[in-house]
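Look at Swiss-Prot and you will find K572 tagged as ubiquitin cross-link. The region 'Disordered' annotation in Swiss-Prot covers 1-20, 555-574. Annotation comment: Swiss-Prot describes 77-97, 111-131, 141-161, 188-209, 217-237, 264-284, 296-315, 338-361, 427-447, 451-471, 482-502, 522-542 as transmembrane segment, evidence class sequence analysis.
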Amino acid sequence: MDNSIHSTDGPDSVIPNSNPKKTVRQRVRLLARHLTTREGLIGDYDYGFLFRPELPFMKKDPRAPPFFGLNEKIPVLLAFILGLQHALAMLAGVVTPPLIISSSLSLPSDLQQYLVSTSLIVCGLLSMVQITRFHIYKTPYYIGSGVLSVMGVSFSIISVASGAFNQMYSNGFCQLDEAGNRLPCPEAYGALIGTSACCALVEILLAFVPPKVIQKIFPPIVTGPTVMLIGISLIGTGFKDWAGGSACMDDGMLCPSATAPRPLPWGSPEFIGLGFLVFVSIILCERFGAPIMKSCSVVIGLLVGCIVAAACGYFSHADIDAAPAASFIWVKTFPLSVYGPMVLPIIAVFIICACECIGDVTATCDVSRLEVRGGTFESRIQGAVLADGINSVVAALATMTPMTTFAQNNGVIALTRCANRWAGYCCCLILIVAGIFAKFAAAIVAIPNSVMGGMKTFLFASVVISGQAIVAKAPFTRRNRFILTASMALGYGATLVPTWFGNVFPQTENRDLEGFENAIELVLETGFAVTAFVAMLLNAIMPAEVEEIGAVTPMPVSAHDNRDGEAEYQSKQA
C-alpha cells in the first residue's frame, strides 16, 4: 500500500500503483528521518487546540488548525494523541456489549474479563483491515474502505441475544437453580457466536450488490425506525443498572449482591446519585470541555463516577487482584453451535449493519475530504461492507459477537480535522495493548452497576437519536408517516411487552416443529425485527401519492451539507 503524500485539494484515493513504489531503502530512510527529527516527531501543530477548554471567560482562537488528509505526513506525537482520542471515543461502545451479554448469561467474572479483553483486541485488529484496504487479486473488488473507519461490537445483537437467552432458559437449553436464578451458560454464548458466523455470510453477499440497490431496498424510512427501536430496547437495560442492576430488582434483595462491599436495595438514592453524577459529567464535558474531552466525554463521565464510587467504598478489588497480568484471543473458548431460532433475527442484524456501514463510510469520506460519488467511492463502500461481513466471521471465530463500522469517530475527524490513517493505526494499537493487559478489563468489569448504568443510558439514547437522524433524511409525506406509524406501533409494542407472542402456539412434542415455532416467536418478540419487516413490506406495496410528489421539500441527505465539519467548527469559533 502506497502511503505517500497526496494533495488535499484533489481526491485522495488508495488505488494501487497510483504513485511510483519506493524501494525498501528509501522507506527506511524516510522512517528514520520521521523518527529522528523535530518535524517528524512533533511538527508545528497547535497542540493547545486539543486541550483548550471552552470556558466563558477564555478568548477563542479564530484560526482553524491544519487539515491532515488520508495519506499526508503527520507528526508521530500528534498521530498518537489523535489515535488515543479515537480509542477513547469508541471505548465505551466496545466494552458495553460483551458486558451486557455476559451478564445476561450469569457468566463468572473471569469469563467477563476475557470477553472485554477480547473485544478490545479484536476491534483493534479488524479495524486495521478496514483502514488498510486490500485488493482482491484479479478482481475489481476490495476488502476494507481504506479510510479512517473503525470497527466495534454491534449494539444490534444485544436485543436478539437477550430474547434468545430468555428463550434458552425457559426451554431447558440453559439451566436455572432451585430458586429460579440463572446458572452460567457458556453454551448459549457459543450458540450466539456460532449462529453469527453463519449469518454473516449474508452481509458478505450484500457487499457485491451495488450500494444504490441496497439503499433502494432499505431506504431511511426502513433503517431509521429499526435503529431507533434497537436503542429504545437497550435504554431499559441502562436504567435497570443505574438503579443497582437487573439481577437484584426483587424485594428484599441487595445490589449487586449480599457479599458486595456496600450492598444496598435496588433503587437506593446512593445508586441513583452515582449514575446521575456520570450523566452530569458527560453534559459538562460537552459544554465546557476541550475538543479532546468532547470526543471522549462518555469515558470521562465514567471515570468521574468510578473515582467517586471508589472513594465511597463501592469498588471490589478482589477480581482485579485475581485477574492475570495478560490475556489474548482463545485463552478461553466456547462450544460453537447454531441455534435455529436466532437465524432470522441475526440476519436482520447483519442487514442493518450493512446499511449502517454505507452511511458511516459515506460520512467518513466526506469529513476526510474525499469524493462521495464515482467509481472510487463505490469501491470504498463495497470494500467496507465486505470487510464488515468478513470481520464478523473472524470475530465469531475469535469468540466475539458481530462487528460493525462505528460512527463515533467521524465526529473526532470533523473536530480535530485529521483524517490520517496513521492516527487510525495508533488507535488500533492502543486498543490491542489495552486488551492484552487483562487488569484493565478486570477494572472495567469491577465498575459498579450504577456507574455503568448512567453511561449506558446516555450511550443507548445516542443510538435512538442516530435512528431519528436517519428518518429525517426521508421526506415526511403522508405515505412515509403511515409507514412509520404502522411499523413503530408493532415494534414499540413488542419492545414494551416482549412476551406478547409467547402463548400463541400450543405445546408440542415435535422437536422440529417446536424449533420452528421458537424461531417465529423470537422474531416477533424482537421489536426492531418486527419494525424492519413491517417497514420493508409497506415500503414495497404502498404507492407514492401523486399530490405529494414535489409538494414536500426533502431534507438534505448529501454528506456535503456539512463538509468535514468545518462550517460547524467555524460557527463555534465565531
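Note that Cβ sites are derived from N, Cα and C of the backbone, with glycine treated the same way.
Under the criterion of 3 or more C-beta pairs below 8 Å, with sequence separation of 6 or more, the transmembrane segment (111-131) and the transmembrane segment (427-447) qualify as touching.
Between the transmembrane segment (188-209) and the transmembrane segment (427-447), fewer than three CB pairs separated by 6 or more residues in sequence fall under 8 Å, so the two stretches do not touch.
Counting same-chain residues at least six beyond the ends of the transmembrane segment (217-237), those with a Cβ under 8 angstroms from any Cβ of the stretch are 100, 155-156, 158-159, 162, 246, 351-352, 355-356, 456-457, 460-474, 480, 483-484, 487-488, 491-492, 495, 527-528, 531-532, 535-536, 539, 557.
Counted as Cβ pairs under 8 Å, contacts with the transmembrane segment (427-447) are highest for 77-97 among 77-97, 264-284, 338-361, 482-502, 522-542.
Comparing 77-97, 296-315, 482-502, 522-542 for CB pairs under 8 angstroms to the transmembrane segment (451-471), the maximum falls on 296-315. Sequence-remote contacts of a segment are chain residues at least 6 beyond its ends whose Cβ falls under 8 Å from one of its Cβ atoms, and for the transmembrane segment (77-97) they are 41-43, 45, 47, 50, 68, 116, 119-120, 123, 148, 150, 152-155, 157-158, 292, 295-296, 298-299, 302, 401, 406, 408-409, 411-412, 416, 418, 420, 422-431, 434, 441, 444, 452, 455-456, 459. Simply put, out of 296-315, 482-502, 522-542, 522-542 has the most Cβ pairs sitting under 8 Å from the transmembrane segment (338-361).
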